[in-house]
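Noted in TrEMBL for the protein shown:
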{"type": "DOMAIN", "residues": "4-86", "note": "domain 'KRAB'"}
{"type": "REGION", "residues": "145-194", "note": "region 'Disordered'"}
{"type": "COMPBIAS", "residues": "146-158", "note": "compositional bias 'Polar residues'"}
{"type": "COMPBIAS", "residues": "161-177", "note": "compositional bias 'Basic and acidic residues'"}
{"type": "COMPBIAS", "residues": "179-191", "note": "compositional bias 'Polar residues'"}
{"type": "DOMAIN", "residues": "195-222", "note": "domain 'C2H2-type'"}
{"type": "DOMAIN", "residues": "223-250", "note": "domain 'C2H2-type'"}
{"type": "DOMAIN", "residues": "251-278", "note": "domain 'C2H2-type'"}
{"type": "DOMAIN", "residues": "361-388", "note": "domain 'C2H2-type'"}
{"type": "DOMAIN", "residues": "389-416", "note": "domain 'C2H2-type'"}
{"type": "DOMAIN", "residues": "417-444", "note": "domain 'C2H2-type'"}
{"type": "DOMAIN", "residues": "445-472", "note": "domain 'C2H2-type'"}
{"type": "DOMAIN", "residues": "473-500", "note": "domain 'C2H2-type'"}
{"type": "DOMAIN", "residues": "501-528", "note": "domain 'C2H2-type'"}
{"type": "DOMAIN", "residues": "529-556", "note": "domain 'C2H2-type'"}
{"type": "DOMAIN", "residues": "557-584", "note": "domain 'C2H2-type'"}
Amino acid sequence: MESVTLEDVAVNFTLEEWTMLNASQKELYKDVMQDTLRNLSYIGNKWEHQNIENEYETLWRKLSSQLLERLCEYTEGHQRAEIFNWTPECAVSQKSCPVPPYESPVYEEVVIGHLSVNVSPHPHPGHKLYAIQEYGKELYKHKESGNTSISSTPFQKQKTIRTEEKPETSHCKEDSRCLPSSQNDGKSSSGEPHYECKQCGKAFTSSSSFRRHEEYHSREKSYVCKQCGKAFPFPSSLQIHERIHTGEKPYMCKQCGKTFARSSSLLTHERIHTGEKPYVCKQCGKAFTDRSSLRFHEMMHSGEKPYKCTKCSKAFASSGAFRKHERTHTGEQLFVCLQCEKVFSCESAFRTHKIIHSGECVCKQCGKAFTSHSSVKYHELMHSGEKPYVCKQCGKTFRSPKQVQIHKRTHTGEKPYVCKECGKAFTFLGSLQYHELIHTGEKPYLCKQCGKAFRSSRQVQIHERTHTGEKPYVCKQCGKAFFSLYHLRRHEVIHSGSNPYVCKQCGKAFSWFSTFHSHKQTHTGEKPYLCKQCGKAFCSRISWRRHEKAHTTVKPYACVQCGKAFRSPSYLKIHERIHTGEKPFICSQCGKPFRSFRYVKSHERSHTGEKPFVCSECGKAFSYYSSFHRHRRTHQAVTLNAELEETS
């Protein structure tokens, strides 16, 4: 395998080219070259480390002669250029160069190619002092009476030269912002580098990212957005911000066509397609596609809430929630949409919302408006029926990669959403939110026609069909229509004849889990559903709800033909079959038709001999509930007679 040299991968600029780059381009160049050298040094550790050092030393010697010669010309009239903080250890011998005096008490920093030189503004007479810096280490060149000495220091945060006689170095202790958050050489308790900004509390794992962030606080924000007045320290930051106003999203995902305003957002998004999750929680092993999601997740373990309100001391885990809370104190102005009167506290959200009214992102088939072209594209898949994302385990297809990720939990058994009240875990966030309403008793969704309350908007939607008569779900075998998909699925079991739920105690099989669950309670004697009005207990929820209606006098469902009223639409429907003569339920053994499913089930017991209703006092069994109920009264009558005899 042919070895890779530093000269093969290094990118060098002339002074003229370098001055044409803006601040963000220079920062990007630094980061890329740092990573390049770091990667090359790692390869060198595995191969021949000495070869790479020699190669780098050779390249340095080629460039260093140009560096100091051109430095003399370039530093006149200039005060500051950028600096790097990685340098190899090597020896350099160069001729001296006169350095003009400067008023500013900072080191002159000049970049040629990927090299950087610090020039002391006020050298001691007879001394010419330079700090030649490159990736990894710092070289200090000290000249006195024609003698040259070079010293190097291992990688550390930026240092400054304090003395004129000797090139000593020290940390910038005067400015506390330069210090790492931990005293352990800038490392966190986990051993990873951890630099924390003292002004805003944001943490970084690399010193270069930390220093770049520091500039946002220290550097003058001279680049101002013309639309909203927000100021930025770099023109590139302003350029990215302006995309909020223009709606420009130049970075497009090649797989799904979704667009983004930032390249970093696109890179994070692409991991959804590749499945890559490089950020792993050390406590529970859960992986994430981006660092911010990992940091937010880690706060769940630590309970950390770093964003604290200065006015009321309330703490928050996320900056978004914190900023939203702050508006309650500041009374920050709200943005009102003049077309639909919707109110927004955030201007960016308001501007995004206005796109709906602009007509830019509208579905051509149904006319529905969206805030982005990617949302329209996703919506149009509903019309076309296209589902391009496939689950590798079961082959099921979905419209979005997010749906695939959520679906995968059904295979892995992952239940990341846990109820804080009872500890029950759920696969989906919606399931947890619905479950939590059981604890609170809240039913925030009301039917506009009858005022009945429900826990979810979906339940209201299904319920409203009982008023409109809409039945969108139709059985393909018999043509019967239903209000909800759930009821259609229950009905389809009748045609299939499958009874997947089998009782282990008696061997009885059931088509539906709810019926099976209610049956199991007949063995245990458990009756968890209690009527609040009369105290009667029931095995099943449906029996309990049916009984509760007996206490109410309200019967809103009336027969159009005879005027008889009923408590539920299902009872009304069964009754109406008396007038129509309809008997859709047929006995599979004798062909006798019945008006309701309950009647045909009771009738079938005459063929099977099944007697599910057992008297707890004498053990006698019955095929029909009416017979069983009549029998129980005989015991009650005997008990009553015995009590009367005792009292007489």
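Cβ atoms are placed via backbone N, Cα and C, with glycine included.
Keep in mind that TrEMBL annotations are predicted by a computer and have not been checked by a curator.
The model shown is predicted, which means the values in this text are computed figures rather than measured ones.
Remote same-chain residues near the domain 'C2H2-type' (389-416) are listed as 256, 272-273, 286, 378, 381-382, 425-428 (criterion: CB distance under 8 Å, separation of at least six residues from the stretch ends).
Within its own chain, the domain 'C2H2-type' (529-556) is flanked in space by residues 450, 514, 517-518, 521-522, 565-568, which lie at least six positions past its ends and keep a Cβ under 8 Å from the stretch. If you count C-beta pairs under 8 angstroms between the domain 'C2H2-type' (251-278) and each of 195-222, 361-388, 445-472, 501-528, the highest count goes to 361-388. Remote same-chain partners of the domain 'C2H2-type' (501-528), defined as residues 6 or more beyond its termini with a Cβ less than 8 Å from a stretch Cβ, comprise 490, 493-494, 537-543, 612. For the domain 'C2H2-type' (417-444), the list of distant contacts is 406, 409-410, 453-456: same-chain residues at least six beyond its ends, Cβ to Cβ under 8 Å.
Outside the domain 'C2H2-type' (557-584), and at least 6 residues removed from its termini, the chain residues within Cβ reach (under 8 Å) are 466, 478, 480, 549-550, 593-596. Here the domain 'C2H2-type' (389-416) is broken down by DSSP into helix, strand and coil counts: 12 helix, 4 strand, 12 coil.
Counting residues per DSSP class in helix, strand and coil order gives 11 helix, 4 strand, 13 coil for the domain 'C2H2-type' (529-556).
The average pLDDT computed for the domain 'C2H2-type' (501-528) is 80.
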